């Protein structure tokens with residue numbers, strides 16, 4: 001699909017490129033049951049668990065009045081692989097930034113299993 005990427009996902013993609021420069025962010029866009037479109041069932045591995053935690057983190061952020069995590073931009077910086085959320089973020093932006101920052105760090109520490117890329121969600125993620 002060639003729909004424009006929501007702005008926040010553009011920032012999240014850049015965060016992933018900061019912590020995992022050796023991989024394309026697209027490797028994380030369709031992985032396991034939770035990375036990308038999915039969001040049900042049992043995570044297939046540690047990396048998928050990172051995405052489940054990220055999904056739950058966004059759900060928590062939605063409890064902040066008017067906060068829409070997928071569209072919320074925030075201010076952050078990447079310095080030599082270290083991500084910092086900046087102090088000028090409002091409550092929503094700060095929460096979403098931290099969700100993305102923690103997920104990008106989690107991705108960097110989790111093994112990547114090629115067999116879990118683009119799996120059959122219906123069969124594996126009930």
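Placement of Cβ uses the backbone N, Cα and C atoms for every residue, glycine included.
Features of the protein shown, as given by Swiss-Prot:
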- 54: active site (ACT_SITE)
- 100: active site (ACT_SITE)
- 34, 36, 38, 55: Ca(2+) binding site (BINDING)
- 18-78: disulfide bond (DISULFID)
- 33-125: disulfide bond (DISULFID)
- 35-51: disulfide bond (DISULFID)
- 50-106: disulfide bond (DISULFID)
- 57-99: disulfide bond (DISULFID)
- 67-92: disulfide bond (DISULFID)
- 85-97: disulfide bond (DISULFID)
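The shortest Cα-Cα distance from residue 85 (disulfide bond) to any of the recorded positions (34, 78, 106) is found for 78. The least crowded of the disulfide-bonded residues 18, 99, judged by other CB atoms within 10 A of its own CB, is 18. Other Cβ atoms within 10 Å of the Cβ of residue 67 (disulfide bond), summed over all protein chains shown, number 18.
Ranked by how many other Cβ atoms sit within 10 Å of their Cβ, the disulfide-bonded residues 33, 50, 57, 85 place 57 at the bottom.
Around the Cβ of residue 34 (Ca(2+) binding site), a 10 Å sphere holds 25 further Cβ atoms from the protein chains shown. For residue 54 (active site) paired with residue 97 (disulfide bond), the C-alpha to C-alpha distance reads 11 Å.
Within 10 Å of residue 35 (disulfide bond), as judged by C-alpha distances, the recorded positions found are 50, 55; the full candidate list was 50, 55, 57, 78, 92, 125.
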